[in-house]
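Below: one structure, written as C-alpha cells.
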Amino acid sequence: MDILETHAYDKRKRRNMSCALFVSLLPFFLSSALYLYLWTPDTKASLMTAGVKSAPALLLAAVVLSWKGGQSVMGVAGGLVFSAVGDCCLVWPELFLHGMGAFAVAHLLYSLSFLSSRYTAYTSSFTRFLYLILTVFGGGFYIYLFPFLQKAPDSHLLTPGVGIYVLLITLMAALAFRTHHVPTLLGSLSFVVSDASLALQVFNVVQPGQYGHIVVMVTYYLAQLLIAVGDVKAEENTDDFSKWKRS
C-alpha cells in the first residue's frame, strides 16, 4: 500500500468514524432540544424536570463509554454522570450546594482525563500566557462575587465552596489548554462561560432576564458535547490545536 493509498484509507476511516459518532450523538441533540423546548420560567421543580434536564449528560456518558469503554469511567464518562447528578440537584434551589459539589467532582474527573496519556501535553509561551489569563480571570471573578456571596444564605458554606469550585474549573480549563484538541479547549471555555453566567444570576449580581437560563443551558450543553467529542477523538489528530494556533 503506497502513501497515496494509505492517505485515502485514513481519510475514509476518519470520515466513517465522524459519521458513526454523529449518529450516536443524535439522542443527545434530541434530548437537549426537548429540555430547551419544554422549559419555561414557570417550570416547577419535579422528578420529571430533573430527568429531562439530566438526560443529555447521561446520553453523552453512554456515547463516551461505547467508544472508549471502562477507561473513561474515571474520566470524561464519569464526569458526565456526576454532571447529570448536578443537573438534578440544581432543579431544587435548596440543593444548590449538593449540585455544586457534584460538578466539582466532574471537573476533577475531566482534569484527570486531560492528564492521561491519551492527551498529548503541549506547552509553550502561548499556553503559559493563556494559563495566566485563566488564573487572573478566575481569581478576579471570585473577588467580584465575594461581597454577593457574603449576603447569600449559608454564606459560611458558599463562600469557601465557590472559591474551591472556581479553582477546580480554572484547573480543568487550564489542563484543556495543554491538550492538542480544539473541541476539548472550546468545551472547557464554554463551561466557564456557562458557570459564570449561572453564578451571576444565582447570587443576584444581575437579574436573570428572559433569556438568562437559556444562555446558561445552551453554553452548558455545548460544553459537555465538545468535551465528550474531544475525548472520543483523543487518539486522533493530535496536532489539531497546534494547527489551529498557527492558522
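The backbone N, Cα and C atoms fix where each Cβ goes, glycine too.
Residues or ranges marked as transmembrane segment in TrEMBL: 20-39, 45-65, 72-93, 99-117, 129-145, 157-177, 184-205, 211-229.
Of the two recorded stretches, the transmembrane segment (129-145) lies close to the transmembrane segment (157-177), with three or more CB pairs under 8 Å once pairs fewer than 6 apart in sequence are set aside. As a quick check, the transmembrane segment (20-39) and the transmembrane segment (211-229) clear the bar of 3 or more Cβ pairs under 8 A, pairs 6 or more apart, so the two touch.
When Cβ-Cβ distances below 8 Å are used as the criterion, the transmembrane segment (72-93) is approached by residues 45-46, 49-51, 53-55, 57-58, 60-61, 64-65, 99-103, 105-110, 112-113, 116, 224, 227-228, 231 of the same chain, each at least six residues removed from its ends.
Long-range contacts of the transmembrane segment (45-65) within the same chain: residues 21, 24-25, 27-28, 31-32, 34-35, 38, 72-73, 76-78, 80-81, 83-85, 87-88, 91-93, 221, 224-225, 228, 231-232, each at least 6 residues beyond the stretch ends and with a Cβ under 8 Å from a Cβ of the stretch.
Taking Cβ pairs closer than 8 Å, the transmembrane segment (211-229) reaches residues 21, 25, 28, 32, 35-36, 39, 41, 56-57, 60-61, 63-64, 76, 79-80, 83, 110, 176, 183-184, 186-191, 193-194, 197-198, 201 in its own chain, all 6 or more past its ends.
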